[in-house]
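Student: Below is a structure I'd like to ask you about.
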Amino acid sequence: MNATVTVVDHPLVQHKLTVMRDRDCSTKGFRQLLNEIGMLLAYEVTRDLPLEPVSIETPVARMEAQRIQGKKLVLAPILRAGVGFLDGMLSLVPSARVAHVGIYRDPETLEAVEYYFKAPSDLADRTVLVLDPMLATANSAVSAIGQLKKRGARDLRFVCLLAAPEGIARLQSAHPDVPIWTAAIDSHLNDHGYIVPGLGDAGDRMYGTR
Ligand code: URA
């Protein structure tokens, strides 16, 4: 059975996404909004992390409080657009570890080309959030998750801003154990592999390289 797809329909997320989609949104605005949505998505994707009791002393009394169980999360942005989520997410989970996965899309074949990988060595013991704003063909996501699994990761979650139905189907078929969080599911992919209506090239829009 395929893992779940969660659409984060919080009004703040939807409002910010609409501002980002507009072709007249500035580079500065786009980058800032991607960061802000990253923070809100991090809040949703960590909602079910297991807690464990810990005994602490407040200034008034001893109590049994709750803290997140296990090792720190790993945030794994797919370069380069995935980095747009990073600061926002780190502001919510500041102790998270960061793995970088360098993949670009060959413009002719749309296939994923891997060029960089650096991650904590103990991926098997951590929850890994794989970050890429656009789940289009899913070639990059499938490849990045494959690399992370090869290095031991077993508990992975994929977080994006926009998903195409084609990308969701492909990711689910390649990695049925990896749940997906997205702010919206759009109509389809065009012949160039762009999400329609989408927001264009997320990397270009956040770095001003259009
Ligand atoms: N990558 C993007 O940045 N935008 C798309 O629409 C598809 C892939």
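Placed from the backbone N, Cα and C atoms, the Cβ positions cover glycine too.
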Student: ARG80, ASP132, PRO133, MET134, LEU135, ALA136, THR137, ALA138, ASN139, SER140, ASP201 bind 5-phospho-alpha-D-ribose 1-diphosphate according to TrEMBL; which of ARG62, ARG105, ARG157 goes with them?
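Tutor: Answer, per TrEMBL (5-phospho-alpha-D-ribose 1-diphosphate site with ARG80, ASP132, PRO133, MET134, LEU135, ALA136, THR137, ALA138, ASN139, SER140, ASP201), from ARG62, ARG105, ARG157: ARG105.
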Student: For the binding-site residues listed here (ASP132, ASP201), which one has the lowest count of neighbouring CB atoms within 10 Å of its own CB?
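Tutor: Per-residue Cβ counts within 10 Å for the binding-site residues ASP132, ASP201 bottom out at ASP201.
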Student: Nearest to ASP201 (uracil binding site) by Cα distance: which of the binding-site residues ASP132, MET134, ALA136, ALA138 is it?
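Tutor: When the Cα distances are compared, MET134 comes out closest.
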Student: For the recorded uracil site, whose residues are ILE195, GLY200, ASP201, ALA202, find every other residue on that chain with a C-beta no more than 8 angstroms from the centre of their C-beta atoms, and list them by sequence position.
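Tutor: So the additional residues around the site are PRO133, MET134, LEU162, TYR194, GLY198, LEU199, GLY203, ASP204, ARG205.
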Student: Give me the Cα-Cα distance between MET134 (5-phospho-alpha-D-ribose 1-diphosphate binding site) and ALA202 (uracil binding site), rounded to a whole Å.
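Tutor: Cα to Cα, MET134 (5-phospho-alpha-D-ribose 1-diphosphate binding site) and ALA202 (uracil binding site) are separated by 7 Å.
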Student: Give me the non-local Cβ neighbours of ARG80 (5-phospho-alpha-D-ribose 1-diphosphate binding site): same chain, 6+ apart in sequence, Cβ-Cβ under 8 Å, ordered along the sequence.
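Tutor: Expected: GLY203, TYR207.
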